[in-house]
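Enquirer: Dropping the structure in here first, questions after.
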Amino acid sequence: MSSDSNGVQIHNTRRLPDFLQSVNLKYVKLGYHYLITYLFTLTLIPIMVLITIHVTQMNLDDVHALWLQLKYNLVSILVCCVILVSGSVIFFMTRPRPIYLIDFSCYRPPSRLAVQSHQFMEHSRLTGYFDESSLEFQRKILERSGLGEETYVPDAMHHLPPTPSMAAAREEAEQVMYGALDNLFANTNVKPKDIGILVVNCSLFNPTPSLSAMIVNKYKLRGNIRSYNLGGMGCSAGVIAIDLAKDLLQVHRKTYAVVVSTENITQNWYFGNKKSMLIPNCLFRVGGAAILLSNIASDRRRSKYELFRAVRTHKGADDKAFECVYQEQDDAGKTGVSLSKDLMAIAGDSLKTNITTLGPLVLPISEQILFFSTLITKKLFNAYKKTYIPDFKLAFDHFCIHAGGRAVIDELEKNLELEPKHVEASRMTLHRFGNTSSSSIWYELAYIEAKGKMKKGNRVWQIAFGSGFKCNSAVWKALRNVKPSPNSPWEDCIMNYPVMIHA
């Protein structure tokens, strides 16, 4: 059994490709372009060392001779100084502004929304929507999903029969978004009126007025706020929202940006019997996160992280990739998300492109040389040589792999040669909160903080998949020893984790 980009598990699908056998030279061209751009800096180091040695060996006669040279070439010296000063000014004026993550907050649903596996199955049976084959299929998915007994579903799904409606969906969205934002504003002491940029992402629920407009109305945000509402972009939309906010913060000076990442379940529960559409019912759960970003230099002292890199990969130009996760109606007219049999192969290809682009930006030079030399050998001499896969553990201290499903986490752990401790946050988030879509990577980061593992200088890699088909990465650097914020989603249960998850 395998899993899709959102952790959706389906039978008879292809597993993620073995990266050790499938990495292609073309996927590293863009990444190595970035590497070459830094070679100039590397060549300056031995030159500066030689100059320093030469200066330390000069005597008074040498200094006098140098002064005479400067005296009779004053115009040339002035021209060089003007060029040097102008170049320095242009460099400092045009370089990207640092983007700081002051704090983030993950929504913790009330305990009354919790659902255990046996309750889920009994409720599904009593609704009368599912035949015996579909019920058995859901039972098997739940057993193998990696979800625990404390995940949450919305109010409408607790009713018998379920009562999905626009009003109920709005209520779910309000509870999640406002719950996360209230806690964020309380923890940071930032006033809503100070927010200049707002980016909201929710894939399957896009009402009018938009979710971003709902937030503007609730918190009475200022009239010139730059607000954006991203829809239909899947579980990797959280990284896309961060990347958009980053670009906007490069343009607008001394500004706060808020990113809200969530998904809505109420109106997207599937009530049919097509098995590939039933799996989201078993895996997706209520959740959301709010993130506060800043480009204000003085905020560095109180911020948790600085954004180091954001790399986005899109395979939508390929028809198979575009259609592999597709919202449609089944033969009975029931709406759900259809999953292609090629989904896992497409997810693997997208991931492969993403990591080979990201690698040269974050890996030590030694790892890059080993990786590149094996590819060149294979390309030039058609030699059978196992491709060297860089050790990403040398680049990152922590990993936040989208908690979409147990099979995806298993495959990434295997193919990237990670240790159990590197995927602990992903597994425990899946167990405790289920697949919360684009916000899952923030629950994972909150888990690492709650465990007291985030130290100053640590780098964390967030990676997520989404329909379209996309694979996106964000890399953050810790600016201090990070402690969990008040009202963390793990606050009253972190002592119970990690737990043993049976196969």
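A Cβ is built for glycine as well, from the same backbone N, Cα and C atoms used for every other residue.
Those TrEMBL annotations? Automatic predictions, nothing curated.
Bear in mind that the values here come from a model prediction, so they are computed numbers and not experimental data.
Okay, these came from TrEMBL:
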ACT_SITE  C235  active site
ACT_SITE  H314  active site
ACT_SITE  H398  active site
ACT_SITE  H402  active site
ACT_SITE  H431  active site
ACT_SITE  N435  active site
DOMAIN    92-380  domain 'FAE'
DOMAIN    397-477  domain 'Beta-ketoacyl-[acyl-carrier-protein] synthase III C-terminal'
TRANSMEM  35-54  transmembrane segment
TRANSMEM  74-93  transmembrane segment
Enquirer: Among C235, H314, H431, these being the active-site residues, pick the one whose CA is nearest to that of H402 (active site).
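Expert: Minimum Cα distance from H402 (active site) across C235, H314, H431 lands on C235.
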Enquirer: How big is the Cα-to-Cα gap, in Å, between H314 (active site) and C235 (active site)?
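Expert: Between the alpha carbons of H314 (active site) and C235 (active site) there are 13 Å.
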Enquirer: What Cα-Cα separation, expressed in whole Å, is found between H431 (active site) and C235 (active site)?
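Expert: Per the Cα atoms, H431 (active site) and C235 (active site) stand 17 Å apart.
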Enquirer: Could you state the CA-to-CA distance between H398 (active site) and C235 (active site) to the nearest Å?
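Expert: Roughly 20 Å, rounded to the nearest whole number.
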Enquirer: What is the interatomic distance between the Cα atoms of C235 (active site) and N435 (active site), given in whole Å?
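Expert: If we compare the Cα positions of C235 (active site) and N435 (active site), the gap is 9 Å.
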Enquirer: Using all protein chains shown, find which of the active-site residues H314, H398, H402, H431 scores highest when you count other CB atoms within 10 A of its CB.
Expert: H402
